[in-house]
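Okay, structure first, notes after.
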Amino acid sequence: MRRRLGLEVVLVLVITFGTSGLRAALRLVDSLLTAPLNEQKTVLVDAQSSVSWLDLALQLTSAFVLVGWGGLAWYLLGERWRWPTWRDLGRGAGFAALIGLPGLALYVSAVHLGLSKVVVPATDAVQIPTSLLWAFANGFGEEVVVVMYLLTRLGQLGWKPWQAIAASAALRGSYHLYQGFSAGFGNLVMGVVFAWYFHKTGRVWPLVLAHFLIDAVAFVAYPLLDLSWLGI
């Protein structure tokens, strides 16, 4: 049984965020070989077609893949579906502030130090609904797979809680490396906090909602706010 669960974990990670982590690390190496990181840009929600309706269709398809990853992980665990509560929303907002504000400071500092690419969110108001969909897809896919699924399965495989938390956090940090070192480190810290919370409470929706709020602000901040005073 344990061998079967171990193989399942490997396959899920190869299909989902494990491969994404390896790809992001390779993209970081490629970026380091071309120019200083703060002279490069990475687009959070890039257009996938010059034709508007095709772009929308492709964005929806890609976002649904992430939701599908989360749904698959939830199904494999055999967990009963639970809708988020108002308390989950409140805790999610608290986590978003706890992680998001220091994360912004870390990002700005890293750009000035040459440790991060300049992240370009959506600049067209038409892209905002798509960006919000991506924010939810990222939150649901990542938190269900990287936290809920991985911690549960590693615990069943006999890993100690701190080992499972470390593995979850390292995985989260790895697939953000394409943005630069600061994104990897910041998400590593976020991963520790989120995984510890799930270990203590067994609740994933506050993490999904927090992730959604963090990404939603990041994705749509530039069209709505003037952040030039931060030097970015």
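Using the three backbone atoms N, Cα and C, a Cβ is placed for every residue, glycine included.
Annotation source TrEMBL lists domain 'CAAX prenyl protease 2/Lysostaphin resistance protein A-like' at 128-217.
Long-range Cβ contacts of the transmembrane segment (56-77) within its own chain (Cβ-Cβ under 8 Å, at least 6 residues beyond either end) map to 8, 12, 15-17, 45, 48-49, 130, 133-134, 136-138, 140-145, 148-149, 152-153. Taken from TrEMBL, the feature transmembrane segment covers 56-77 (among others).
Among the features that TrEMBL reports, transmembrane segment is placed at 89-111 (among others).
What TrEMBL records for 131-151 (among others) is transmembrane segment.
Sequence-remote contacts of a segment are chain residues at least 6 beyond its ends whose Cβ falls under 8 Å from one of its Cβ atoms, and for the transmembrane segment (177-198) they are 21, 23-25, 27-28, 31, 37, 42, 95, 98-99, 103, 106-107, 109-111, 115-117, 119, 143, 146-148, 151, 164-166, 168-171, 204, 206-207, 210. Annotated transmembrane segment per TrEMBL: 177-198 (among others), in sequence order.
Sequence annotations record features per position, and here TrEMBL assigns transmembrane segment to 204-225 (among others).
Sorting the domain 'CAAX prenyl protease 2/Lysostaphin resistance protein A-like' (128-217) by DSSP state (H, G, I as helix; E, B as strand; all else coil) yields 80 helix, 1 strand, 9 coil. Mean pLDDT of the predicted structure over the domain 'CAAX prenyl protease 2/Lysostaphin resistance protein A-like' (128-217): 95.
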